[in-house]
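Here TrEMBL flags 290-353, 364-421, 425-485 as domain 'MIR'. Positions annotated as transmembrane segment by TrEMBL: 68-88, 109-140, 152-171, 183-200, 235-255, 571-593, 635-655, 667-687.
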Amino acid sequence: MLTSIKLPIVIRAEINLVLVVVTALGLLSRLYGINFPKAVVFDEVYYGQFVSLYTKQVFFIDESGPPLGHMILAFGAYLGGFDGNFIWNRIGAEYSSNVPVWSLRLIPALAGSLCVPLCYLLVVELGYSHLTALGAALLFLMENSLIVQSRFMLLESVLIFFLLLAVVSYLRFHNAQSGSPLRLAWLVLTGVTCACAVGVKYMGLFTYFLLLGLAAVHTWQLIGDRALSNVSSLVARFLALVVLPLLLYLGFFYVHLNLLYRSGPHDQMMSSAFQASLEGGLARITQGQPLEVAYGSQVTLRSVSSKPIPCWLHSHKANYPIRYENGRGSSHQQQVTCYPFKDVNNWWIIKDPGRQDLVVSSPPRPVRHGDVVQLLHGMTSRLLNTHDVAAPMSPHAQEVSGYIDFNVSMPAQNLWKVDIANREAEQDVWKTILSEVRLIHINTSAVLKLSGSSLPEWGYRQLEVVGDKIYKGYQPSGVWNVEEHRYGTSLEQRERELELHSPTHIDINRNLTFIAKFLELQWKMLTVKHEDSEHKYSSSPLEWITMNTNIAVLCLYSNISTAQIHLIGNFVTWTLANLALAVYVLLFLSYLFRRRRKIEDIPEATWCQLLQAGVVCAGGWAVNYLPFFMMEKTLFLYHYLPALTFQILLIPVVLEHVHTHVLRCASLRRALHGVVLAGLSSVYLSFRTFSPLTYGQPELSAEQLASLRWRDSWDILFRRR
């Protein structure tokens, strides 16, 4: 049997040594000394907080992007054994001994390193020579800004890695022969990496939509080819490029929500139901509350709207002033507000208008959709009231008050209809946490609503609650849900006050489904924005393209020198990239107009190659740059780096095209060789010149720092002696 085996068994492999070398150089340039400095650098103070929360499995919400990027950084922390115990409160804070600095920065550095060979592969897949691809890899390798952003616990390098891998994978799929065993694998990898890019930052959508557009054009061409049976190919493209990314995106949130199951600092931004699904926090308070609201129930009512901040329906022993500052009069009845903190004065009793008792009967009589109720304030025994008196801050709406009978011609109007907005049936029962309820005033049809305005000092700066008579549709500010709930048992006011101070205790479990939690979290991420403020290093998109700005990432001073790290690009590379973009546009327009006149200067295959390179490189620059002109948010130079990556790739593409198809004379081509060599040398010299600001080493004197300030707008810090 053994004699039947043919020996030797030979495995042949082709190794692209150039690709190996540029990969090694990429690793060296990004990984060298990444544990320096052992201090918090710029946005590490921002991402580090989320890494610590992941480590402790505490829920948070970051409106800047999906969770995959944070999970990747947290995975690096996990590999290093980080316990999450570090206070991320200021840039420059020295890392304690329990923080594995090298591990925290490892994954972004590896991602940045692998972008170098990906640039090489992308240019090859566009149909250009390996020499041109080497030029692209070298330009990317020596780009100072990309090195800086790769060497710290930041996400730009991870985003760019997934963007480049997605483009390379799609081009590999498109260029592969039909029937190739790896062709489908490349298509699937395209979908996976597109999902990962979007999962790291929403900026990944720009390149994803670009690839979808390119795939749509190729698919349209495929449909027109009758020689191919293309139904299965169309289905495969749709599944891999649309369905798979969507499923993976959901998967990122599934992992995120399963990891972060503990109550955290951002709980109050979420609904009561979401908070109750987390361990600790509200879940600890609301555990086992009665599910069905009944007559006699003691409840707190939380506004479904989280704008301007989450708050609860509230009243206290203070009346509206007889006259406001503008001279308008009020009812002088008890104030009703929305209070952003848990307080005993947030408790209300659901009362049956036809009965006087304030306790839950046995068996309980549940409140249903359409029922008319009164709401009695637990601590002051005032009934929730509204009438035709202008609200203090919103004169177009009605004042809401706790009714006091002053024996004047102002009768009580304290009946409210329960309207369950998310009811499943007309007789649906009002449920704790789950039901979203509108309270509609019987006499005036006004809806109890949070106006969003803050009351003056006499209202303790609490939020105004009004009766809105022109309320239409579903508005979160006019919807409330019961958050804390107990069945009232005390008949006397004093006993009832003691009861309101005690915790709830009955055991009933209710959990949100994953889809419900995902939809709520995604909506909050898209709609709840922190107020943007001007930052010292914020900049406009117009400043990026000319590198008219920089970011001082970290400055460490000593008596005679300074170690500084700055996000500054390679000045020569940025200039060449802008020039290459301008030349490409001129070439494209020139060819386009001449082809319109039936003049074909280049072969059809070359024209298609140039078009595809333009879609990927120039298009990649455009879709990752131009949208920022329409964004109303604080912007920084690092937002330009994905666009810059694609623009850099255009440099060698344009050079090869000019060399091969524009310059017909041998002497001109030789001159171009000299220009290219001089350009690469200038790129290297610029890289070396600014490398002390890229790596933070060696430390520089004030005179040396001053010599690196090539633009007056650059904020390079130095002490003059």
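The backbone N, Cα and C atoms fix where each Cβ goes, glycine too.
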Residue distribution over DSSP helix, strand and coil in the domain 'MIR' (364-421):
0 helix, 26 strand, 32 coil
Remote residues contacting the transmembrane segment (68-88) - C-beta distance under 8 A, at least 6 residues beyond either end:
40, 44-56, 62, 95-96, 98-100, 102-108, 153, 155, 158-159, 196, 199-201, 252, 255-256, 259
Could you check whether the transmembrane segment (152-171) packs against the transmembrane segment (635-655) - three or more CB pairs closer than 8 Å, residues at least 6 apart in sequence?
yes
With the transmembrane segment (635-655) as the reference, find which of 109-140, 183-200, 235-255 contributes the most Cβ pairs under 8 Å.
109-140
Check the domain 'MIR' (425-485) for me and report the mean pLDDT.
90
Run through the domain 'MIR' (290-353) and tell me, per DSSP, how many residues are helix, strand and coil.
3 helix, 30 strand, 31 coil
Which residue counts does DSSP give the domain 'MIR' (425-485) for helix, strand and coil?
6 helix, 27 strand, 28 coil
